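> Residues annotated as ATP binding site in Swiss-Prot, with sequence analysis given as evidence: Gly8, Ile9, Ser10, Gly11, Ser12, Gly13, Lys14, Ser15. Residues or ranges marked as GTP binding site in Swiss-Prot (evidence: sequence analysis): Asp57, Ala58, Arg59, Ser60.
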Amino acid sequence: MRIVLITGISGSGKSVALNALEDAGYYCVDNLPPHVLPELARYLADGGQHRLAVAIDARSSASLDELPGLIRSLSLEHDVRVLFLNASTQALIQRFSETRRRHPLSGSPSHDANIGLLSSLEEAIERERDLVAPLAEFGHQIDTSTLRANVLRTWVKRFIEQKNNDLMVMFESFGFKRGVPLDADLMFDVRALPNPYYDHELRPLTGLDQPVIAFLDALPIVHQMIDDIHAFLMKWLPHFREDNRSYLTVAIGCTGGQHRSVFIAETLAARLAHDANVIVRHRDAPVDVDASSRLVTEVDRP
């Protein structure tokens, strides 16, 4: 059975992700107590259901400590994937304010005896971060701070389409002016490279467009940067595998996340497709939803 566990911070988009999985044919359950999960998986498997998605958050805080052990145990019999959704505190506060929803931990006792009850939304968010932080290491992280709901749905679909027999490497382009991604395991700054933005004909385009590709591809310094990053990844990927890592997010950043980072993320993803399962996604580039995230295969290699 394929089991997808969705966890993370309240307000980060778990409901959107769960709905996307339901549309993909998964049997979905929200806020399931972790200790019930093995029994539910057996029950559904006996009934012929082969895809289960479960959202777990701070509302199950009393039994969150059980979840890491359950993940290891379930992985012995099932294809278990963990999706950890995160967002900046500023983005979360704005979302709760817009929806007028109450945070699950608002008014709950603080872990600091000097504070008493968690009176502010920010305190509740930070308390929840502490509670769910141990789960982040088990899953693939997505920072939804700047994502539209339809983009998140697409990224979730790409996540479940990927094979699960090897390390999954996610190349993510972004713009520093919009903030660094919270989900990055490795981050490379390519702002030292010549910027197509200053060519008025290239400015409205992205690193997916042929004129920008031709501009950057003609520059030796761009290839030096790509070669150096690729060599670093090839050296250290075996060590990430030995550490039993399932997911690795490599963030490539330029100023606006539109030209250089997009081109380099695409090029690196194509190069690495022979050596790992690869997804490339573009956080800030003005591209259509389908182009914002895609699987990369060996046929994409240059």
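Placed from the backbone N, Cα and C atoms, the Cβ positions cover glycine too.
Map these features onto the structure and tell me what's around them.
Using a 10 Å Cβ-Cβ cutoff, Ser12 (ATP binding site) registers 28 neighbours.
Neighbour density for Ala58 (GTP binding site): within 10 A of its CB lie 23 other CB atoms from the protein chains shown.
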> Measuring Cα to Cα, how many angstrom lie between Ser10 (ATP binding site) and Ala58 (GTP binding site)?
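The separation of the Cα atoms works out to 8 Å.
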> Cα-Cα, whole number of Å: Lys14 (ATP binding site) versus Asp57 (GTP binding site)?
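Just about 9 Å between their Cα atoms.
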